[in-house]
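Structure, as structure tokens:
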């Protein structure tokens, strides 16, 4: 697509890296704001806003006719979506148990792997449809004018399905908004009700008086503890709470991982598309001076990424939770950081292999190993970052900062590596961008050995639960100025129709009613 704008062949990598970088820069500038918005308004509305924004931007991206327009759309796309950090926050809020975190956090890379299957396939098979499939699209002027819009239209359909699924079925996880009426969920319940199996008549029974009395609230609605009241008493999150020593180390490790991993993924298609060069004495002086790529077309690159995505999905679903359960999250992450440099150092030398079969076999093996360590690395560092948080109340903002720092890494990495790739292609040093990535990965492996696995933010949730229980106990036993007992007595009087007076140890209350239920 970048080449179709009239960009020189040797400069495609540089502008492709810059286009990817502008997305990450915009995302990093707005990630904290999106995180704070999710802490204030709820996770669900912010996620739906991000999906709608990205859906519109995808259509505009496919209709881009110039490099400035494409860069502008990518910038808007990055700034209008902060869902990466918010989704991680929702997973952490839904699954606070450490033993279940590997399975829960492995779902996000699994979905990413599925996207890696269909995304490149759509891009490779349906780009330029009027040229690739003239019998179907050759007479449609729209696809001639916008040759890259068809795969983006398909992506828009996927985004629309995601938006409607979230609107109708996604439940809010923010504690202060969890019990708010959700019209989307109500609509989803009504739409799916005809498809649900009705409960059998034998399972239904008429509730007796005792059932009604046992299920009646002991406290009046006005006396029940409210999460909104607790949220109002919560002080604003401070930077000191967020940037502890361990969260800072985890953020640094996450930034380096995003930098070199995403940069590799951005420059790899350019390397695969770059023309083959037969090595000889004039252009090759090992181990550093040589040039050339694989010379593949976009549809073949899409096929390679499809195989890559399927393999990564299988590994993600079957191996990752087992490895983390056996060796631990921190150990798996440390091993992954040591493998990354080896992958980057060896990748460019696959272009020198003359046998086509051996070249593709070794290259696919390197890609699968890279996919495996990415599958290990990203969920592990997400779990470690989540467990370094002191409480759930800072998690949304913390993940916003994580998206900001990783966005900076994803901006600097592709831009720098793309520029180095263009320089290496001109000067005959194809090894330059890959060895740069290898050095960055080696530096990024250092913080992993200073990480200490935390207990997780569940203790913050536990404190909130204790506070709820203390408030409820206060209301039952008298609360402030003895009002709690009065409200409880009123509720009991409604149930049993008899006055309830506390008395000593509740004995006078038992005398006041004919039934003993007031002693509850």
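Quick reminder: no glycine exception, Cβ is built from N, Cα and C everywhere.
Note: TrEMBL annotation is automatic and uncurated.
Owing to the predicted nature of the structure, the values given are computational and were not obtained by experimental measurement.
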Original post:
Pick from 280-304, 305-329, 405-429, 455-479: which range does TrEMBL record as transmembrane segment?
Top reply: 305-329
**OP:** When you get a sec, could you say which of 85-106, 107-128 is annotated transmembrane segment by TrEMBL?
**Re:** 107-128
Subject >> Non-local residues, at least 6 beyond the ends, that sit with Cβ under 8 Å of the transmembrane segment (46-63) >> reply: 34, 37-38, 70, 73-74, 76-77, 80-83, 86-87, 90, 146, 148-153, 155-156, 159-160, 162-163, 166-167, 170
